[in-house]
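**Q** Just passing along the structure, written as structure tokens.
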Amino acid sequence: MNILVLNCGSSSLKYQLISMENEEVLAKGICERIGIDGSRIKHTKIGCDTIIIEGDMPSHKDAVKYVVDALVSKEHGVIESMDEINAVGHRIVHGGEEFASSTVINEDVIEAVKKCSDLAPLHNPANLIGIDACKQIMPNVPMVGVFDTAFHQTMPAKTYLYALPYEYYRKYKLRRYGFHGTSHKYVSNRTAEFLGKDIKDMKIVVCHLGNGASVCAVDGGKSIDTSMGLTPLEGLVMGTRSGDMDPAIVQFLADKEGLSIDEINTILNKKSGVLGISEISSDFRDLENAIEEGNEKARLTMDVFSYRVAKYVGAYAAAMNGIDAIAFTAGLGENNAEVRADICSYLTFLGVEIDEEANKCRGIEKDFSAKGAKVKTVVIPTDEEMTIARETARLI
Ligand code: AMP
């Protein structure tokens, strides 16, 4: 069985074709600049060089056609015809309170996802366009939606309610939802497997540290708290997002700088975080280079970042009354030993103790706790696409 995993953004479409027999990725790629001049597809047949195909992609439907063409192409393809795509798994960002698990996509599901668009205006419409494009191009291929929010639907009301007038929850479902759920679910399960434990008996904190970043408290396999909220802006310091701050800052900036709410929203989402503090870059690799050159501001930015993560882990130790393991994942969590060590240095009071040598790893599953440490610290590379493919295979 071959599953096509699609992740549609407003002007991009990422894809992977996965053979489920041995969970092997056959090909992957990304269509960029959809609806903009200069659209193109970067396509990789696994084991071969990445190729770039320039192409006219005014819409996502055109992009899906290009993807299928690349997958069946004699030269760069991996299947003979479109009939060898048995199902499509779509990443959908916001499932609101409607979806606590993945689901086969039908008209009712599409309507429900549309209703959640208010909650994720940048993401859900793009996801829906991708679903529509597939419906047109491969009308008989079943589709499954896998939601970023679903894993966190187990959070209790005391976790998800904001201390705002309750009528806003009643009227608009204004509450905390959390994101990166597919990653938190995969990584927490892998952590238990990797450590040879039953997840039902474990209290795990997953630190998904990428350009977008969030922490999740997983108690007995269930998300009981996570750092992102109504939108992915809440919580940790991120590449360009502020994370937690005093809400009164919005009024302050509006008054002082004469900015509109929209402009402030853009600043909080696109110009803050690591980029905002460092005034260098949103990418930690640039920060690492700057630190090596003695740049104090880059050092400070990394300190602010790590401190915030450590505070969340401490809070989740209280939420779960203890922690058995802390798992690090995503671009930074998997690759940056210094950030991992920094975060762990705040947590020795919990019984965290790391093996500095073992921590010198990148992108591999690794237990880097010191011998006998009470709390295990592990690196577990995330695999959101494989999780979407597995969910899709299970449901069809
Ligand atoms: P992600 O959003 O998961 O792709 O993660 C992006 C972040 O991870 C950026 O800040 C990158 O600097 C960092 N990152 C990704 N790959 C590496 C790497 N190989 N070494 C160090 N940092 C990395």
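Each residue, glycine too, has its Cβ placed from N, Cα and C.
Taken from TrEMBL, the feature active site, proton donor/acceptor covers Asp148. What TrEMBL lists as Mg(2+) binding site is Asn7, Glu384. Annotation comment: TrEMBL describes Lys14, His208, Leu209, Gly210, Asn211, Gly212, Asp283, Phe284, Arg285, Gly331, Leu332, Gly333, Glu334, Asn335 as ATP binding site. The substrate binding site feature in TrEMBL is assigned to Arg91. Marked as site 'Transition state stabilizer' by TrEMBL: His180, Arg241.
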**Q** Between Asp148 (active site, proton donor/acceptor) and His180 (site 'Transition state stabilizer'), how far is it from one CA atom to the other, in Å?
**A** 5
**Q** Going by C-alpha distance, which of the binding-site residues Lys14, Arg91, Asn211, Glu334 is nearest to Glu384 (Mg(2+) binding site)?
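**A** Going through Lys14, Arg91, Asn211, Glu334 one by one, the closest to Glu384 (Mg(2+) binding site) is Arg91.
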**Q** For Arg285 (ATP binding site), just count the other CB atoms lying within 10 A of its CB, please.
**A** 12
**Q** Relative to the Cα of Asn7 (Mg(2+) binding site), which of the recorded positions Arg91, His180, Asn211 have a Cα no more than 10 Å away?
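**A** For Asn7 (Mg(2+) binding site), the recorded positions whose Cα atoms are within 10 Å come to Arg91.
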**Q** Can you tell which of the recorded positions (Arg91, Arg241) has the fewest other C-beta atoms within 10 angstroms of its C-beta?
**A** Arg91
**Q** Taking the residues the record says bind ATP (Lys14, His208, Leu209, Gly210, Asn211, Gly212, Asp283, Phe284, Arg285, Gly331, Leu332, Gly333, Glu334, Asn335), how far apart in Å are the two Cα atoms that sit farthest from each other?
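**A** Overall maximum Cα spacing for these binding residues reaches 23 Å.
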**Q** Could you round the CA separation between Arg91 (substrate binding site) and His180 (site 'Transition state stabilizer') to a whole angstrom and send it over?
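**A** Just about 11 Å between their Cα atoms.
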**Q** Measuring Cα to Cα, tell me the gap between His180 (site 'Transition state stabilizer') and Leu209 (ATP binding site) in whole angstrom.
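**A** His180 (site 'Transition state stabilizer') to Leu209 (ATP binding site), Cα-Cα distance: 10 Å.
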**Q** If I restrict to non-local contacts, at least six residues apart, and a C-beta distance under 8 angstroms, what lies near Leu332 (ATP binding site) in its own chain?
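**A** Within the chain, Leu332 (ATP binding site) has Cβ neighbours under 8 Å at Leu209, Gly210, Ala213, Phe284, Val339.
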